[in-house]
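The structure under discussion is supplied below as structure tokens; questions concerning it will follow.
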Amino acid sequence: MGFRGRKSRTQRKHFVQSRENNWKSSNKNGDSDEQQQNAAITDNNKNNRENSNPTWQRFATQNLAFDEYYKEQEIVPPEEWNTFVDCLRSPLPAAFRINSSSQCYLEIRSKVENDFVKSLQEEGTDGSEVEAIRPLPWYPENLAWQSNFSRQQLRKNQILGRFHEFLKLQNEIGNITRQEAVSMVPPLFLDVRPDDFVLDMCAAPGSKTFQLLEMIHHSAEPGSLPGGMVLANDADVQRCNLLIHQTKRMSTANLIVTNHEAQHFPSCHLNRSYAKGSEPREAKGLDIDQLLFDRVLCDVPCSGDGTLRKAPDIWRRWNAGMGNGLHGLQIQIAMRGMSLLKVGGRMVYSTCSMNPIENEAVVAEILRRCGGSVELVDVSGELPQLVRRPGLKKWKVKDKGMWLTSYKEVCNSRRAAVVPGMFPSGNVYVDAPEHGDDASRSQLPDNGSNSNSQNGIGVLQDPTTPTTILDEEASSLPLERCVRIVPHDQNTGAFFIAVFHKISPLPVIQKKPFGQPGKTTSRGNFQAQTFTEVKDINADEVEQVDSVDNRISEVTMDDDDILENGKDEAPPDTDPSKIVDEKRPEQIEPPSDGRSDPELVTGKRKLQMQGKWKGIDPVIFYQEEVVVDQIKAFYGIKESFPFKGHLIVRNVDINHVKRVYYVSKSVKEVLDLNFLAGQQLKIAAVGLKMFERQKSKDAGAFRITSEGLPLLLPHITKQILYASPVDFKHLLQHKSLKFGDFEDAKFRENASKLQFGCCVVVLNKDNKTLSEPQVDASTIAIGCWRGRNSITVMVTELDIQELLQRMLMYMEENADNKPLTDEADKIVKAHEAEFNILKNNETNHR
């Protein structure tokens, strides 16, 4: 069924063109009434600034509709309202997390604790005694920190200035991640273990994905990989690119990035492709026959009013309809995540919204649909130092300016937009039919009951809920186990978190649609909703990252979108394994416009040939044994290192491969399964870039990349040089040195014996005689190129600067190297100056 005047989905470019600067805008003629009203609100506060900068205009931080809505919902007690709002109007402190899987994370934490923090405590900040940098008490191992100082303090205080430059460098390299404090909480409640398969359903821009990878890699020994993996997914292609950019700093072989709508994330299992009597998974060498996950993170799109402190433009455009419009999509995503969760697994549902329609109402609907197969976990004993509040048990729905306390108060014309699941009880009410009124009676499900009639309104029970507990269901749902974080408790943003535990397989529920005469409905008791245009925001999407423009895309959903969601798709509230094979949705050939969404083709789904997604490079296992054997022989890679079957390429032309990627055993299993299942996954990125082709005909034409070196280093026995601190420092400083310029005669001799091509130079900090790499957390090594009579560094300027800083930190711990420390300090400062010039030139060019 078509709809007239259907709007196309809002594209990222439309939002970018219309979005205003978050912090200032030009006060020119022709301003809209809304802009003028916002300017009037802040007139008294910006007079002084206008005198010095007439183009500066402060954003309005007031919205009467917002105040009315959350006062009515009793989001905080009345006596706390002023404190709550004042906190929302204040700037949000910056926060960052030290990457626990980084090789030098202990050194970074020590530098923050013993250098910056102690120095600031001794002298104060800008004449005051405030703690400008402090650890977040609830984050494990003092790895998360919060900083609270102004730009003016940053300019005046040299320690803060040095700290700021330190953060920028470490963030670029990947040793730290800038992330809002409350955004770090959901992954902690997931309780991820190294062997877990984790799904991040709405992953962009990637801060939480990065955090999940840290948890998996945290206990891994150098040269080894954990048994688990993370599959990070996002529906928007541009945001997938941002996700890839963010996670690239992790240098991991345990990650797959996919590009699917979360509510339609594909099932991937052998039963889809193999008929009865086909070979079992063991014959195919697979350990898994269905892609299910131990942990699922559903950080769903939301209205984002919990991010007001860092995204003040939300103040002027906030309205109650934003939450109502996303309620249905959030349920679909959460139910799809629950169906992909293993029995015994844990799923976290989270939003950066304070709206109960997006929070408790969604959680309640999930519990109703899943029945006793899912429980809400009480996490009050976890992260005890995190100040949190219980979930709400009561709330109201506001629609078109009217407050509604029950679905029976919803007028017929609005029952397509306001659904029963938005209310605390979840009860469904329909008009009590007149005697013999078959048209009205046909709206009731077969198992529905209309015996409870109140003032002409019939109470319709949820088919999944036993009749005996219907009256008690709303009060018996343990929504107080949800976690609400409000800004003024710990000087953070706002966040909502619910933790689910899957006890048993989800029930297979066959429901018949019901609704108002003339209204088209979707599956079950979830009626087709008319979505207002809302902003698709995750809590960490508005992080300010220096090197990336973190723009946010909008999503516009209307009735047609909901109807499309229901076409021939696997029901979101069932396990994939319980769906009859003939009814499973199959991927189709993407249309000419590049979209890969399933569509009906002459009443049947057209099977996608070879699973090739348009615009996405294929994933091909690299099985050129001659080339692989040459690589192994050139570097002396040990047989104990799992090499065969772990190399992939993204180029169909095997003869012109430029990059070779390495994948972990867990990722390899998923790729094998995906291939045998018809390549259901639209893979945007996978694997750790380990080898890259150089313009050389030598056997060493494939060099080891900086990303792959930490994993491969303990397993190579050839092409290795051990440099003293003096020679290592000179090599970093000059980037290329002839053999005769190295001070160590043994180094010169060994360098001349190497084959032409890529080599590895390891810092021999103690000048010991080493026959093979002794790799630990403090090992420093770089990839180089052995030319005819020289050694040339093959790392980026950022890496050089970071390595010099690490050397400086190491040398400062040794009194015997004091003269060298001073010289290295000069080199570090020179490289910092050079790096800043390059960054400024790049910024000006942009």
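Every residue, even glycine, has its Cβ placed from backbone N, Cα and C.
Pulled these features from TrEMBL for this protein:
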{"type": "BINDING", "residues": "Cys202, Ala203, Ala204, Pro205, Gly206, Ser207, Lys208, Asp234, Asp299", "note": "S-adenosyl-L-methionine binding site"}
{"type": "COMPBIAS", "residues": "1-16", "note": "compositional bias 'Basic residues'"}
{"type": "COMPBIAS", "residues": "564-598", "note": "compositional bias 'Basic and acidic residues'"}
{"type": "DOMAIN", "residues": "84-503", "note": "domain 'SAM-dependent MTase RsmB/NOP-type'"}
{"type": "REGION", "residues": "1-56", "note": "region 'Disordered'"}
{"type": "REGION", "residues": "429-465", "note": "region 'Disordered'"}
{"type": "REGION", "residues": "545-601", "note": "region 'Disordered'"}
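I'd like these features described in context: how deep, what's nearby, how far apart.
Note on Lys208 (S-adenosyl-L-methionine binding site): other Cβ atoms within 10 Å of its Cβ, all shown chains, come to 30.
Per-residue pLDDT, averaged across the domain 'SAM-dependent MTase RsmB/NOP-type' (84-503), gives 84.
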Report, as a single number, how many Cβ atoms besides its own are within 10 Å of the Cβ of Gly206 (S-adenosyl-L-methionine binding site).
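Excluding its own Cβ, Gly206 (S-adenosyl-L-methionine binding site) sees 33 Cβ atoms within 10 Å.
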Please report the number of other Cβ atoms within 10 Å of the Cβ of Asp299 (S-adenosyl-L-methionine binding site).
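For Asp299 (S-adenosyl-L-methionine binding site), the 10 Å Cβ neighbour count is 29.
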Which residue, out of the binding-site residues Cys202, Ala204, shows the minimum number of other Cβ atoms inside 10 Å of its Cβ in this structure?
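Checked Cys202, Ala204; of these binding-site residues, fewest Cβ neighbours within 10 Å: Cys202.
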Express in Å, rounded to the nearest integer, the largest CA to CA distance found among the S-adenosyl-L-methionine-binding residues Cys202, Ala203, Ala204, Pro205, Gly206, Ser207, Lys208, Asp234, Asp299 named in the record.
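Greatest Cα separation within the listed binding residues comes to 13 Å.
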